[in-house]
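Taking it in order: structure first as structure tokens, then the write-up.
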Amino acid sequence: MADQLSNEQISEFKEAFSLFDKDGDGTITTKELGTVMRSLGQNPTEAELQDMINEVDQDGSGTIDFPEFLTLMARKMQDSDSEEEIKEAFRVFDKDGNGFISAAELRHIMTNLGEKLTDEEVDEMIREADVDGDGQINYEEFVKMMMSK
């Protein structure tokens, strides 16, 4: 399944993997998964985290390595983001609930994920998704961006 991914997708997923793999040891533990999920406003229990890891942990190590992560991402892309997941993600980004994701909200989320972005990088991300040019991302623009990934 992971062999259907392009090199660009693999390198994007490698970047995402490093965000999760806080200590850089090449595996994602339940603790690391929990940290990332909490920074995104989720509050999973230890058992839920273990279930998530067990779902993709093919070698029974109790952690997720990069090949397992790729398989998970390929699977996720196949049953493509359901509308509910996209709505949920939009709500996480849209901190003040006004129906738009501003540069400040985007920067806040990315910083929580451990991504230190310059103002230029954040503005560039907004510009890429901002179809109507109002300087922020509305729900329709967000859906388009998520579907084109």
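Each Cβ is built from the backbone N, Cα and C atoms, and glycine gets one as well.
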Further binder of Ca(2+) 3 named by Swiss-Prot next to Asp94, Asp96, Asn98, taken from the candidates Glu88, Glu105
Glu105
Three-state secondary structure, Thr27 (Ca(2+) 1 binding site) (per DSSP):
strand
Around the Ca(2+) 3 site formed by Asp94, Asp96, Asn98, Glu105, which additional residues qualify by having Cβ within 8 Å of the site's Cβ center?
Phe93, Lys95, Gly97, Gly99, Phe100, Ile101, Ser102
Neighbourhood of Asp23 (Ca(2+) 1 binding site) by C-beta distance under 8 A, where only residues 6 or more apart in the same chain count:
Glu32
Folded-back contacts onto the domain 'EF-hand 2' (44-79), same chain, C-beta under 8 angstroms, at least six residues removed:
1-2, 4-5, 9-10, 13-14, 16-17, 20, 26-30, 33-34, 37-38, 149
